[in-house]
Amino acid sequence: MTIKAISVDIDGTITYPDRRLHEKALEAIRLAESLGVPVMLVTGNTVQFGEAAAILIGTSGPVVGEDGGALSIKEGKLRKRVYLTNMDEEWILWGELKKRYPEALLSFSMPERKAGLVVLRTVPVKAVRELIKELGLNLIAVDSGFAIHIKKPWINKGTGIEKACEYLGISPKEVAHIGDGENDLDAFGVVGYRVAVAQAPESLKEKADYVTTKPYGEGGAEAIEHILRKFGYLPEEKT
């Protein structure tokens, strides 16, 4: 197996628990880039957030935002945004959800979003899923650990990575993905190598080829270095 790119979740994977970027993860990402391995930031957050992070961190790969619904492709000094869907039934769900649960709140990032709703965790994800079923909507609700992402069933990190790979000219099987949440499962389904960070749910760890010993950003750094060593970009550590 050959790995030509690394895709990595942001929140909880290359950050501290409070979402500050972890220094060790930053160093590891820049090490990968210096070795010719493009890093793709893959997030449930907005594509604009991902773009800003990519610029500050220094990643060269595409940005996958909105859980796979939006991409940002680097073209020279400019970036092109690609949206894989739009919202319709999502707003029907939101109207009914707000009626039944007045405490329901949308993410402050909604004005920038085009591919799905993000509801804060003031409402149980189970209640959202039950309402989707009751209304007969073709939507799913995924708990990222930070918020509830409501979207079309075919919009996920896996489809976003597949689209990003078209622009890179590589197969998704030549990508190693690192994540820490339920919304990373679809990414695990399309890539060639899978790493779960230590605090990830068991559902993700069960599908991983490697689980880090350290959590959060320190675990993200461990994951990147593990991938670089396993696939020959760095020498194996002596035991």
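Each Cβ is built from the backbone N, Cα and C atoms, and glycine gets one as well.
The Mg(2+) binding site annotation in Swiss-Prot covers Asp9, Asp11, Asp180, Asp184 and rests on sequence analysis. Annotation comment: Swiss-Prot describes Asp9 as active site, nucleophile. Per Swiss-Prot, the feature substrate binding site maps to Lys157.
Overlay of Swiss-Prot annotations on the structure.
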residue: Asp9; record: Mg(2+) binding site; DSSP class: coil
residue: Lys157; record: substrate binding site; DSSP class: helix
residue: Asp180; record: Mg(2+) binding site; DSSP class: coil
Lys157 (substrate binding site) versus Asp11 (Mg(2+) binding site) - Cα distance in angstrom: 14
Binding-site residues compared (Asp9, Asp11, Asp180, Asp184) - the one with the fewest other Cβ atoms within 10 Å: Asp11
Set of same-chain residues at least 6 away whose C-beta sits under 8 angstroms from the residue listed as 'substrate binding site': Ser7, Asp9, Val42, Val64, Asp67, Gly68, His177, Gly179, Asn183, Asp184, Asp186, Ala187
Near-site residues: Mg(2+), ref Asp9, Asp11, Asp180, Asp184, CB cutoff 8 A to centroid: Ile10, Gly12, Thr13, Thr43, Ser144, Gly145, Ile178, Gly179, Gly181, Asn183, Val197, Ala200
